[in-house]
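**Student:** Handing you this structure, nothing more for now.
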Amino acid sequence: MSMYGRDPWGGPLEICHDSATDDDRSRNLDLDRGALSRTLDETQQSWLLAGPGDQGRKKKKYVDLGCLVVSRKLFVWTVGVLLAAAVFAGLVAGIAKAIPRHHRPPPPPDDFTVALRKALMFFNAQKSGKLPKNNNVHWRGNSCMKDGLSDPAVGRSLVGGYYDAGDAVKFNFPAAFSMTLLSWSVIEYSAKYEAVGELGHIRDTIKWGADYFLKTFNSTADTIDRVVMQVGSGATSPGSTQPNDHYCWMRPEDIDYPRPVVECHACSDLAAEMAASLAAASIVFKDNKAYSQKLVHGATTLFKFARQNRGRYSAGGSDAAKFYNSTSYWDEFVWGGSWMYLATGNSSYLQLATHPKLAKHAGAYWGGPDYGVFSWDNKLTGAQVLLSRLRLFLSPGYPYEEILRTFHNQTSIIMCSYLPIFKSFNRTKGGLIQLNHGRPQPLQYVVNAAFLASLYGDYLEAADTPGWYCGPHFYPIETLRNFARTQIEYILGKNPLKMSYVVGYGNRYPKRVHHRGASIPKNGVHYGCKGGWKWRETKKPNPNIIVGAMVAGPDRHDGFKDVRKNYNYTEATLAGNAGLVAALVALSGEGHGVDKNTMFSAVPPMFPSPPPPPAPWKP
């Protein structure tokens, strides 16, 4: 199959060529036009045969315009009228320019753009370490400036990164997924980010995460034997009074208890996700060659470690198993391998990501109730959409075509499962899809599905494909966008409670977010480990508004409890907000669509290898 494939809707894609050759054009230019014999018409004969007197008389009465002969008087009158009209038009134009104008103001931003700007602010509120001057969250300050250094087993700086949610733990697994998702959205929709003035903001957000990840392993080495998976502790055993990030309720700026560092030596899922994060970021920062190459090197080292040291990062019984348990690492191999290929152009990564046995281990053929649910734990659906992009736009052909076609077909089926007509997932009476089957904290899964649906619709449009099939039924692209739009509109307030689940958006939103920094006033008072409990227990609204935070969401009956202690309703997370940002930018504005080429900036042309030269001829 060729690099570009065939037009799926019929007709060749070849550009028509001019039938005349360069030699033909050259010979035509060499011809002496004056030497050609031809018959003169009657008008030309009259010019040659008429005497001097005859020509003089005709010039006085008529003007020859080539295609016709007109009266000289009529010609002069017509020219005069045209000149007068031109002068008049010039005067009118000059007067119009001199009159002051009232320019029509640009249209107000749409709801999705307004929400996008707010959702990005959440990441500013979650930053750890020494904050930049333009952080713009007045109630936040420098925090946890001794991370890593205070742990004698580590002895190096792990300052920076992001707090995961309402506590002060830094979990690398969901944080890396969050940064991968943000980078993906920038690669696809950089024009939209730039149009609303947020491109620099989100690039800074991604770089803050990438710079921290580079600290969590030996990023200058080619081979490593460990990766930091967590800073801080959230585990509390019954009756324990040991100060940590869950027992205590303190502003991050006031933390004075030990913050342990947890490393892993066999964690394929974590390392492959971190590799995906750095690889995707390297495409975002391809305009900074040195930094991009630094990210690629780190990603390469991590992915090598992931393959050589098999295991789940949460298998050791750490905090991760309680808060962010990883069920498998095979999906991260497909996901990470895809991003490594796109960042490097090295076909060995694509061969791995499209290996049939790897797809089988990742659950590509299993189905089941969670099939098609994209999250920090399961990246298979994201990888399927990403590799469908490769097939739609580059069509690499053999030996990748078979598995790419399978992933493409599975992506179509997943998109069908999101539609209410097929009832693959339940919905609340208010219309919210239940991708986690009625369990708590549903919104993080909803925003991811909305992003993928909108993105896949844009892929189809960019490939000049008007829709896709669900069995025998054809659905237009707008069906995908309608699904994504209605789900995000529910989150922004179009729900039975008329409540926005994004803090700071709309007139009614959660006021008691499960968040230490937002719930404790910045009043110059140092509230210790237990001293902050009163702010956790109070029923008063948070003194600080954590703008842009998407809370966990309603229950399966569209109900919501704005209670600080109930994190199943009121806690916001990095992964949830990353999906929200991606979905909002995909739906925002008009036009633009996806950037087809930036994603493939490191991918070499996929022309087939030329055949070997023939052996020398011998008689």
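Heads up, the Cβ atoms here are built off N, Cα and C, so glycines get one too.
Quick caveat, the model's predicted, so the values are computed rather than measured.
Okay, so Swiss-Prot annotates it like this:
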TOPO_DOM  1-74  topological domain 'Cytoplasmic'
TRANSMEM  75-95  transmembrane segment
TOPO_DOM  96-619  topological domain 'Extracellular'
ACT_SITE  ASP167  active site, nucleophile
CARBOHYD  ASN218  N-linked glycosylation site
CARBOHYD  ASN325  N-linked glycosylation site
CARBOHYD  ASN346  N-linked glycosylation site
CARBOHYD  ASN409  N-linked glycosylation site
CARBOHYD  ASN426  N-linked glycosylation site
ACT_SITE  HIS514  active site
ACT_SITE  ASP562  active site
CARBOHYD  ASN568  N-linked glycosylation site
ACT_SITE  GLU571  active site
**Student:** Should ASN218 (N-linked glycosylation site) be counted as helix, strand, or coil on the basis of DSSP?
**Tutor:** coil
**Student:** Where does ASP562 (active site) sit in DSSP terms: helix, strand, or coil?
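**Tutor:** Assignment for ASP562 (active site) reads coil.
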**Student:** When the Cα of the residue listed as 'active site, nucleophile' is compared with the Cα of each of the recorded positions ASN218, ASP562, GLU571, which one is closest?
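**Tutor:** Answer for the nearest of the recorded positions: GLU571.
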**Student:** What is the separation, in Å, between the Cα atoms of ASN346 (N-linked glycosylation site) and GLU571 (active site)?
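**Tutor:** On Cα coordinates alone, these residues lie 41 Å apart.
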**Student:** Going by C-alpha positions, which of the recorded positions (ASN325, HIS514, ASP562, ASN568) is nearest ASN218 (N-linked glycosylation site)?
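**Tutor:** Comparing Cα positions, the candidate nearest ASN218 (N-linked glycosylation site) turns out to be ASN325.
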**Student:** Mind telling me which of the active-site residues ASP167, ASP562, GLU571 has the densest Cβ neighbourhood, counting other Cβ atoms within 10 Å?
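**Tutor:** It comes out as ASP167.
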**Student:** Which of the active-site residues HIS514, ASP562, GLU571 has its Cα closest in space to the Cα of ASN409 (N-linked glycosylation site)?
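**Tutor:** Closest recorded candidate to ASN409 (N-linked glycosylation site) by Cα: GLU571.
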**Student:** From the Cα of GLU571 (active site) across to the Cα of ASN325 (N-linked glycosylation site), what is the distance in angstrom?
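**Tutor:** Distance (Cα to Cα, whole Å): 18 Å.
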**Student:** Between GLU571 (active site) and ASP562 (active site), how far is it from one CA atom to the other, in Å?
**Tutor:** 10
**Student:** Quick one: Cα separation, HIS514 (active site) versus ASN568 (N-linked glycosylation site), in Å?
**Tutor:** 9
**Student:** Could you round the CA separation between ASN426 (N-linked glycosylation site) and ASP562 (active site) to a whole angstrom and send it over?
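**Tutor:** The separation of the Cα atoms works out to 24 Å.
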**Student:** Tally every other Cβ atom lying within 10 Å of the Cβ atom of ASN426 (N-linked glycosylation site).
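**Tutor:** For ASN426 (N-linked glycosylation site), the count of other Cβ atoms within 10 Å is 13.
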**Student:** If one measures from the C-alpha of ASP562 (active site) to the C-alpha of ASN568 (N-linked glycosylation site), what distance in angstrom results, rounded to a whole number?
**Tutor:** 10
**Student:** Looking only at DSSP and grouping its letters into three states, which state does ASN568 (N-linked glycosylation site) belong to?
**Tutor:** helix
**Student:** Taking the glycosylation sites one at a time (ASN325, ASN568), which has its Cβ surrounded by the most other Cβ atoms within 10 Å?
**Tutor:** ASN568
**Student:** Give me the count of other Cβ atoms within 10 A of the Cβ belonging to ASN409 (N-linked glycosylation site).
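**Tutor:** So the Cβ neighbour count for ASN409 (N-linked glycosylation site) comes to 14.
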